[in-house]
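First comes the structure, then the notes that go with it.
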Amino acid sequence: QLTPSSFLRIGQLSNVDLNEDIHELETEVPRQRPNEIPHNEKLLSLKYESLDYDNSENQLFLEEERRINHAAFRTVEIKRWVICAMIGILTGLVACFIDIVVENLAGLKYRVVKDNIDKFTAKGGLSFSLLLWATLNASVVMVGSLIVAFIEPVAAGSGIPQIKCYLNGVKIPHVVRLKTLVIKVCGVILSVVGGLAVGKEGPMIHSGSVIAAGISQGRSTSLKRDFKIFEYFRRDTEKRDFVSAGAAAGVSAAFGAPVGGVLFSLEEGASFWNQFLTWRIFFASMISTFTLNSVLSVYHGNVWDLSSPGLINFGRFDSEKMGYTIQEIPIFIFMGVVGGILGALFNALNYWLTMFRIRYIHRPCLQVVEAMLVAAVTATVGFVMIYCSRDCQPIQGSSVAYPLQLFCADGEYNSMATAFFNTPEKSVVNLFHDPPGSYNPMTLGMFTLMYFFLACWTYGLTVSAGVFIPSLLIGAAWGRLFGISLSYLTKGSIWADPGKYALMGAAAQLGGIVRMTLSLTVIMMEATGNVTYGFPIMLVLMTAKIVGDYFVEGLYDMHIQLQSVPFLHWEAPVTSHSLTAREVMSTPVTCLRRIERVGTVVDILSDTSSNHNGFPVVESNPDTTQVAGLRGLILRSQLIVLLKHKVFVERANLNLVQRRLKLKDFRDAYPRFPPIQSIHVSQDERECMIDLSEFMNPSPYTVPQEASLPRVFKLFRALGLRHLVVVDNRNEVVGMVTRKDLARYRLGKEGLEELSLAQT
């Protein structure tokens, strides 16, 4: 019986013993779960596999490609456009569904609570109203958190880090499954209705990606249905391109920003890009915005008026009232600095919180309890703030959805309630557009402070939720405060309109937290429908990013790092020229001969200690005098398909013609290849021979062992490889470079640091 500490002992594995004893820990896992999981951010997890973004150009593939004539290629191209259109339409419809359900449920909840508060304000006993509000919130969030924690944990959070990893080439289990989409959509609805400090915009990106991955494959593994369409696209390369289109369609449905969606996909998501792809992705984004727009217009009853392009509308900013002058530019830059510092603080707090969660709150039941606690605390904080606020505003001429009177005179409402007693999207729009004087500076200051900590505590809970809207809301609140104080200082000068500063503050805060520049500028411009602010928004975002990066990295990158994902950035670490492929590669490599015994293949695949996914194929000569040069590379998944279809012959008659496998057989097994344990090979069959010549990739990418790390990295990253064979000058295999070997080297505070590999 192992003790929990030895079960989670994280071996400092050097390159050499990588193939031994890694997996021995997994076989005898103790049944009791440890209370604390020792987690260290300087680790790389070995549980993540890579995706094959590089096509295996074996004989089957080349024969099929040569058979396809020009007309057939055109059909494939048309299919791509059709898929992109379908991605756009479905993403738009999912966004509509989320929007309409949230609007109705949240409206119902706020009406119930408002009637209750109005009733009890008259006769005393408001503590009952607080209890009602907190209970409603906690119970709704409980359902939302239960489905995520117990059914599909991948659906937690905004899903942007996961999609970023997927597009980078890391296979995160279950990330683009239908089940994940269903849980994601229900979870978002429940967490927004439950009054948490979250937005429904971030998860739209994940939802779009799942829709894209599902449609492009023409079948659903969750439903066990195969529609026999789009079979040509059943490989990682094609799927990746569609997933980046889905992510863009998600952004554009969320913010009504098709160009912003394309740029988001380019900046945050896709690691691989070309011009045709850009145009198709833009098409998908446009279709998605248009679908959302037309359906919501019909729903709101004005059929011909396409007035709601995205889930969130910042409303129109009029250029006449809201121009800016040259002397305001330093003020905007200063706001950018504040946004960067606050964003870095947010990320640092969230980092410690997430470390605490990974260590102690790793059981699903504890995660649900925490989510309920946050929901109840959010309601309580909101209620206490509204109760203590004495900031009353006249009702006429204001557009408040649920005006709470509380202790104000008749015909007035409590202005703190417009911020807390509403869905976050509506609160953002109110902060942007309410006329000057709608908010007391004290109200805004308290709100910013409270909401900052609530949002920070909420991100990383086991609920589906985005961080976009809360950060916009925090920024809009302190930006408006900033604008009000400016107009005090300048004796009410015309240019200090608080709405404009609320917009800049929102941009600064969001930029400081997620560190997106290009796409965020365009999204803000498209969402406000105003090009005038392009330059100030860009300045604010650049400043926020520069200042924030000085302290701590962006929120999404931080969460990727905390999950120990082997993520490859655009460039190798700056100081890594001293390392060569010989020091980076994994050795020894398990090689197969071109004509190999079936028993040997089965043993190599079943060997849990190595668990490799790619095997170099070397020349199989009976006499050992000749050099066993590299002939090709074959993947674990291909070998499994070969064994499953029993493509082998007895040793005596090697020249017999085997049953020809088609490329279709490999595509039908994709993406969930059966494990080797499920394939039965009899004792006689183990003595047969298997010829790998026509299934292996005869031209794998290789590097000499003297190549420097940046050179290896560039080749690996730009081509989206999964295996890079290292050879010596006689073309003999000496090692293999995989994603983990490259992702291990990272630029730390002291310079280049090497992460250790861990099994957890």
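Note: Cβ is positioned from N, Cα and C throughout, glycine not excepted.
The annotation transmembrane segment is assigned in TrEMBL to 81-102, 130-151, 181-199, 242-265, 277-299, 329-353, 442-461, 467-489, 501-525, 531-552. For 696-754, the entry in TrEMBL reads domain 'CBS'.
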Interface check, the transmembrane segment (329-353) with the transmembrane segment (181-199), three or more C-beta pairs under 8 A: no
Number of helical, extended and coil residues in the domain 'CBS' (696-754), per DSSP: 16 helix, 20 strand, 23 coil
Stretch contact, the transmembrane segment (442-461) with the transmembrane segment (242-265), Cβ-Cβ under 8 Å, 3+ pairs: no
Averaged pLDDT score, the domain 'CBS' (696-754): 87
Close approaches to the transmembrane segment (181-199) from elsewhere in its chain (Cβ under 8 angstroms; 6 or more beyond its ends): 94, 97-98, 101-102, 105-106, 109, 133, 137-138, 140-141, 143-145, 147-148, 151-152, 155-156, 159, 206-207, 210-211, 214, 312, 374-375, 378-379, 382, 423-425, 451, 454-455, 458-459, 461, 463-470, 472-473
Chain residues outside the transmembrane segment (81-102) and at least six past its termini with a C-beta under 8 angstroms from it: 181, 185, 188-189, 192-193, 200, 204, 207-208, 211-212, 215-216, 230, 233, 242, 245-246, 249-250, 253-254, 280-281, 283-292, 295-296, 299, 311, 423
Folded-back contacts onto the transmembrane segment (467-489), same chain, C-beta under 8 angstroms, at least six residues removed: 158, 197-202, 254, 312, 331, 335, 338-339, 342-343, 346, 419, 424-425, 427-428, 431-432, 436, 439, 441, 444-445, 447-448, 451-452, 454-455, 458-459, 496-510, 513-514, 555
Chain residues outside the transmembrane segment (130-151) and at least six past its termini with a C-beta under 8 angstroms from it: 109, 112-113, 116, 179, 183, 186-187, 189-191, 193-196, 364-365, 367-368, 371-376, 378-380, 382-383, 461-464
